[in-house]
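Participant: Below is a structure I'd like to ask you about.
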Amino acid sequence: MPLFGLYALRASERSQHPFRTWLILLGLGAVALNILGFALLIASMSGTSLNAIDLGLARSILLTAPMGWAFALRLAVTVLALALVVLVSANNTNALAGIAALSGIALASLAWNGHGVATEGALAWPHLIADIVHLLAAGVWLGAIACLFYMVARPKASLTDLTVAERCLRSFGVVGSVVVALLIVTGLINGFAILGGQSLAPGTGSTYIVLMVSKLALVGLMLALAALHRFRLVPAVERAADHPNKAMTIRRIRSSMVVELAAAFLILGLVAWLGTLEPGW
């Protein structure tokens, strides 16, 4: 989301929209979820409940395990990014670039919680790098969708609001094309590294495969909707000469974005589930 503010919104527009409020809420949520996620991990590893966490195990993981180092780094950069959001104006482009960079580091550190760090041999580093790029690309995509949805969801948007939304949709069209390409390439690398290059055979009965196929289907739906926006709906907004026609086309984009956001949340849920399973057929 901070990156969207850099490439799509002008400095004055960042203060007109509740952009800074979103960043603060996201930062607070990220800090809370990071701490909760680490606590759940420790509880799971020690076989205890959250109110009886093994502090010795937590200390050991923080000091000796890569996932512990990644958690500490993620929490530190998230808190630093949140501090920048609170203390610096949203109009400050340099500060926003710093927030975007810190957010990227936090996202990239999640790769040490997944299957990417378990791969051995020649595919170890390509898999980890692909995991990191995949996470960053997904973050750029989801952040942009959330911002764009807010911009097109307002029921009584003025012509100026619609013009800003149109420009942002057009700006994301270029960024979105790069993001989609990165998601496809890194997704293929990850799939090959995890499943060993085997073909994705249906009906195998594996929970992992069922979830993976479901994720791919949802990603395909999101790609189709992104193509619809890029090649049909956004050009239709640009061609609309008056306010009613622009508003009608924006409503169509809003409807498709509801589906896209729902698919995105389902994908996040599936990814979280897949992370708890051993890859297999």
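Heads up, the Cβ atoms here are built off N, Cα and C, so glycines get one too.
Dumping what TrEMBL says about this protein:
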- 21-47: transmembrane segment (TRANSMEM)
- 67-88: transmembrane segment (TRANSMEM)
- 95-112: transmembrane segment (TRANSMEM)
- 132-152: transmembrane segment (TRANSMEM)
- 167-274: domain 'Copper resistance protein D' (DOMAIN)
- 172-195: transmembrane segment (TRANSMEM)
- 207-228: transmembrane segment (TRANSMEM)
- 257-275: transmembrane segment (TRANSMEM)
Participant: State the non-local partners of the transmembrane segment (67-88) in its own chain: residues 6+ outside its ends, Cβ under 8 Å from one of its Cβ atoms.
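Facilitator: 2, 20, 23-24, 27-28, 30-31, 34-35, 37-38, 41, 60-61, 95, 98-99, 102-103, 105-106, 109-113, 117.
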Participant: For the transmembrane segment (257-275), find every same-chain residue at least 6 residues outside the stretch whose CB is under 8 Å from a CB in it, and list them.
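Facilitator: 113-115, 141-142, 145-146, 148-149, 152-153, 208, 211-212, 214-215, 218-219, 221-222, 225-226.
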Participant: Across the whole of the domain 'Copper resistance protein D' (167-274), what does the mean pLDDT come to? Round it, please.
Facilitator: 78
Participant: Residue list, the transmembrane segment (132-152) vs rest of chain: Cβ under 8 Å, 6 or more residues beyond ends.
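Facilitator: Result: 1-5, 8, 17, 19, 22, 103-104, 107-108, 110-111, 116, 161, 164-165, 168-169, 172, 175-176, 179-180, 182-183, 186-187, 190, 250-251, 253-254, 257-258, 260-261, 264.
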Participant: Report, as numbers and ranges, every residue of the chain located at least six residues beyond the transmembrane segment (95-112) whose Cβ falls under 8 Å of a Cβ in that stretch; write 'none' if there are none.
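Facilitator: Here the qualifying positions are 1-3, 5-6, 14, 23, 30, 66-67, 69-71, 73-74, 77-78, 80-81, 84-85, 88-89, 128, 131-132, 135-136, 139.
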